[in-house]
Amino acid sequence: MLCKPIFSVDIHPDGTKFATGGQGEDSGKVMIWNMAPVLREEDEKNENIPKMLCQMDNHLACVNCVRWSNNGLYLASGGDDKLVMVWRRAAFIGPSTVFGSSSKLANVEQWRCVTILRNHTGDVMDVAWSPHDVWLASCSVDNTIVIWNARKFPEMVTTLRGHTGLVKGLTWDPVGKYIASQADDHSLKVWRTVDWQMEANITKPFSECGGTTHVLRLSWSPDGQYLVSAHAMNNSGPTAQIVERDGWKTNMDFVGHRKAVTVVKFNPKIFKKKQKNGSSPKPSCPYCCCAVGSKDRSLSVWLTSLKRPLVVIHDLFDKSIMDISWTLTGLGMLVCSMDGTVAYLDFSLDELGDPLNEEEKNSIHQNIYGKSLAITSTEAQLSTTIIENPEVLKYQQERQNSAQANSGPGGAAPESSAPKLNSVMNGESLEDIRKNLLKKQVETRTADGRRRITPLCIAQLDTGDFSPALFNSVPILPSGSSMSSQLTPQLSSDSSPGQASSMGLKPTHDPMLTSPPPNNTAKPLEDNNDGVKSSLLLTSASKIEPMKALDSRFTERSKATPGVTAAISSTAGLTPLDRPKDGVTAQKEAKTKEETSSDSEDKMAAINKNLTFGKRKPELLLDGGEVVEKRKKGRPRKDKMAASMAQPFTQPSKVVAPPAPVAVLKLPTPSTQKAFSLQVSMEPSVFLEVENEVSMVAGSKLSQLRCSRDGRDWNTLLPSSVVVAAGSSDILAVACEDRMLSVFSSCGRRLLPAIQLGTPASALHCSAHYVMVLTAGATLSVWDVQKQKALVKNESLLTILSGADTTVSQSLLTQQGVPVIGLSNGKSYCFSSSLETWTLIADKSDSLVQCADFRSCLPSHDTPASSGPLAVMQGRNLNNIKCNKETQEYRYWLLIYARFLVNEGSEYRLRELCKELLGPVHKSAATSWEPTTLGLRKRELLREVLPVIGENLRFQRLFTEYQDQLELLRNK
Amino acid sequence: MAKVQVLNVAVLDNPSPFGNPFQFEITFECMEDLPEDLEWKIIYVGSAESEEYDQVLDSVLVGPVPAGRHMFVFQADAPNTGLIPESDAVGVTVVLITCTYRGQEFIRIGYYVNNEYTDPELRENPPLKPDYSQLQRNILASNPRVTRFHINWEGLADKMEDSENVDPSPNISGMFPPSCIPGKMPHLGVMPDNSMDCISTSAM
């Protein structure tokens, strides 16, 4: 078989196109195809309807997986070149002609790579978008799974380590709570998304498995109840193992394939039995539908309501099935194979049943999980809802705008703000520029006398009018990505070869898809012009022989470059020069050349693989993560050494402090810098500059502290190097290496006598007129400088530092002088001076927090910039905030809470919130309603909450109701 | 993947007298800011028989190259006629445009060139010693032949990353084909997994 394998297929969520990934000519290949010609014969025959929309050969090696994001805006591809690429469609500029090739080969759609995700050290085998496109997961033969922040590529969220073999498949729980992976290490692992730790490790059904499949694409059922693995074994027969969500039980499997199962794919729809006319409408249990593809070249489709498969199609392909994709309607399916073909199957409602609509599906989820990520905002239905209130319309539009601005990757990319093409060109047309380019371009000479040209930038990236259509890069559509089409399974025998080729998806037969077919005698008309020229060229017939020699010159890399083996020239598309006589032979020659070199390449690759395996082994024994762990631990130890300074080998420049009392130093201390500066306050603007060891007086080094407040400076000298400094608009504090803490007013007056700390300072904070010190000995002190009083006195953190590994990840001081400590275990505490105890304010691992998905409601762009100190902690409960006396915090979290309720669709709770904020419209003595909370007027708060409510059309009535009442009250 | 993609090459001043400079207007796109310059070369193949008649007409550095789409005209003097074998002066030969990054060639664009007398008299009875002043150069601009090579774009950073993953045992260094180490170039592009790659296309 000439065809290059197709490893992956995925149908776009809108069903109009699909992507394939696989091996191209010496590169990986991603192609986007039009769905219509696959679905309808008349579209297939219509030459005006393009079949191929875009091809991208940017992957350097075979593409193992292509996946559309759920919103359909992005395509992710992962390949043997260790990369994950994320593609986005560039603004439509019409089919672009590729330079030097016939216009028919142009990419109809322009997809360009917006992000390259580099982290894997081995082939990327599978990629998967999480529900709602929050994350993108990729797995690799480097035994890891990487979770990428899909809202902020190329940011990595985490790496999941634990597999000891090549990870070959990934699937997200539709509820968003888990991700499951299957690997060659005879295991299927389920990971929690809340803390990215392993939830379950299922090994038993895989103990007999050999690593014989290229991929292990497992799948999670749309109701979230079942996870079905690829290749598993039961009584030495290949199966697809069913894993129940409840307890991860493995009692059932799909049996019958003769060879290993490579791919399992659940239909996205949940079905219920079709009600036959006349029969009594008795309620039947909803069921799921699952397709299983195997190395035995056959495909089986199962309904969870049936004990036997719905249909089995044998010998669908010549080689192993590699991937399956269902249409979103649940009635169509594309299957791709190693043999380089893709088959389309469609089903009728009679066969599968009635698909539940989104509302019904949501209610199933609601019943099982309460609220889950899988619950889709039923915008499809809501889009038909009439907007009754102009205000609501406004908020809807705002929401859409911001959604567009923030949606997914690239949205946040800096290039997105790049100026448009014409602004770059200063109004000059490209033609004008080209006319004068030679004169205008800047040419200089380098130091060694070489010419250096500064190229003229004619467009910045992502101006939208870019085309990935590469110079001459639509090469021969060789065997690589051909497709045959087989219609419904029942009709599969009908799919005569004639039909398949008339589909035009078999390149060797179709001029639409192939670039000049080698055996094509009819030359395209466009070539006529060249024909004239080439006949000119051919005037001296004797030159034909040397032409062959010349041909090789096109492809041989210059000698100067080391490490280059022969480059392969493409064989099809012979030039007019060598076609007449030597065409055929040249072609043959080249072909054999190609084969041999690709052979050697294979060998090379094999060797590489062996090498990488060899490399991996020791790591495997060491268990990778441990090494990193050690490094991390190494750091504090160093600090400890530096801090105690008893060792003779500490840096000689350091001032020897009075020997520190022997204390267990729990917290790391910052290392001393030569100089640093920081802005401690914006309004008024106060800058602090520290320069250590500026001068030497009587053998001791002095450090200088300089402060500039609204342009006025003062400075002072300190006898020891400053380690940490902090300040607020009122006060400044510095802690030195000699464990002295000095506090100054912002004008440079010493406010407190120098305070001797027990252990070196680990963190120092100032806020208003409060100073907080966290010492390396894990004690906390807070002073009120104004009242010259200690609020917290050497309070030990040991009570909250439970467990050996817990460390302080964050600390801060509120404007009210309340110290807040965030720990690495996700808990946050504040020390209440009135209760004289630590109070828990947030706990990441709290089961309540785990269940609550309010985190998804956090406006992503707000979180990092949020001014509220608690925003960086995991606040949980409004009451906590109240007890922290933080008015801004309260407001912030109230809005988050409202957004959460809006997203959740909980009208009942929203109404209660609004009611509480609005209070009684008519004054009555009986109410105990307080018009303010924490000094904030509740009705003002309601005014802020309402726009949030207005964003969800579902609540437009509620919005109107409260909007009107607020208006009413204002007019009173 | 390649950080630089050549989008178009326009052959300017074509056809032209043999002695005119070559002019190519090159449009390329760059994925990320390049810390180093690109080096472009025009190579004139004097004779199909042997590479020894190849002439590098000129080489230029192009930079700085920020991410985006860029354009420049590469002009180079006509070949030195003294270096062309007389028998190969008239007829078909090849001109190559190559681009290298960090000393590694990643694209090679080739054109057929036809050198001919415009005068029918001379065409019929070409002089034994070629009269270059009468020769016209015609570049078959419509038929570029593009070959791409996979190179290491990252340079040192990548190499370090790779070496971190390499077991420190000495025999690993034997991984590098020994033939690759000599030469003036750092052996950056020779990690075995990317030592060879090319896409070559031709179109008509």
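Using N, Cα and C of the backbone, Cβ positions are placed for all residues, glycine too.
Remark: secondary structure over the repeat 'WD' (A:56-87) totals 0 helix, 18 strand, 14 coil, with classes taken from DSSP. As annotated by TrEMBL, repeat 'WD' applies to A:56-87 (among others).
If you look up TrEMBL, you'll see A:117-158 (among others) marked as repeat 'WD'.
In the repeat 'WD' (A:160-191), helix, strand and coil residues by DSSP number 0 helix, 18 strand, 14 coil. Residues or ranges marked as repeat 'WD' by TrEMBL: A:160-191 (among others).
Per TrEMBL, the feature region 'Disordered' maps to A:398-423 (among others).
Per TrEMBL, the feature compositional bias 'Polar residues' maps to A:398-407 (among others).
Residues or ranges marked as region 'Disordered' by TrEMBL: A:480-532 (among others).
TrEMBL lists A:480-502 (among others) with the feature compositional bias 'Polar residues'.
Taken from TrEMBL, the feature region 'Disordered' covers A:570-602 (among others).
Summarising the annotation, TrEMBL assigns compositional bias 'Basic and acidic residues' to A:578-602.
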Fill in the blank from the handout: DSSP composition of the repeat 'WD' (A:117-158), residue counts helix/strand/coil, works out to 3 helix, 22 strand, 17 coil
Problem - pLDDT averaged over the residues of the repeat 'WD' (A:117-158) - result: 92
